[in-house]
Amino acid sequence: MEITETTEVTKALVRRPSPRLAEGLVTHIERSEIDLDLAQRQWQDYVDALHSQGWETIEVEPAPDCPDSVFVEDAVVVYGRTAVITRPGADARKPETVGAEKAVAALGYDVKRIEAPGTLDGGDVLKFGGTVWVGLGGRTNEEGVRQLREHLAAEGAETIGVPLTKVLHLKSAVTALPDGTVVGYEPLVDDPSVWDSFLAVPEESGAHVVLLGGDRILMAADAPRSAELFRSRGYTVTTVDISEYEKLEGCVTCLSVRLRGCPS
Ligand SMILES: NC(=O)NCCC[C@H](N)C(=O)O
């Protein structure tokens, strides 16, 4: 879709992949070999796709010693003027928050933190229409949800914990279309009845959409039938190949943090 001059420019945080990417964690799938060169090209294509859709990207300082740091969404949850620095459930990922905090503080966000014994990964946090659903699975615990609820209540959000047993993060299972319909690949969704409006998609990565503004969405290239389903509902779909990140249980959602209403 052509971007007109009147399209709102929105910002997104991204973080370039670590040279140690291949050492990233895998939990629910078998480890397979990562092609680092290809991963770097795919990351650049992802960033280029955001630019082509009118987004400005801001790079969080690289964390070369953190293999999973490219999955920047897990380190910070942004809601309105509040940025909640997470406390990732996997110890290897805890140092990633340092750079994320610098980035959001520099942008003028009101910075809050998840403190021990709370744990929370940003990939577990699905926000839509004033409600925040948080997956309670391997990475996020009840105390993490309680602290997030407290931080986001000040922004008027209602935060709800939901069960998560089949995939790494809540947003590995479900995301929301621009009209609020929650999309998920049913074999991997614990309880679709949590959402009033749920649409089953035919492919696992069809469950992952990034909202680009208006009727535009970004999704992975390996879910063509889901893309067709979204097009038939009137959405304009951009696709990116993120195969190397999927080998580490990453999705399109976790490679950026979209900053609508950024303070600066
Ligand atoms: N939000 C996300 O879906 N993040 C993906 C994180 C993948 C990484 N290998 C991890 O296990 O933490």
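Here, residue 1 is simply the first one shown, and the rest follow in order.
Backbone N, Cα and C atoms are what each Cβ position is placed from, and that goes for glycine too.
Automatic, uncurated: that is what TrEMBL annotation is.
Quick look at what TrEMBL lists:
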ACT_SITE  HIS169  active site, proton donor
ACT_SITE  CYS254  active site, nucleophile
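Here the CA atom of the residue listed as 'active site, proton donor' lies 10 Å from the CA atom of the residue listed as 'active site, nucleophile'. In the three-state DSSP scheme, HIS169 (active site, proton donor) falls into the coil class.
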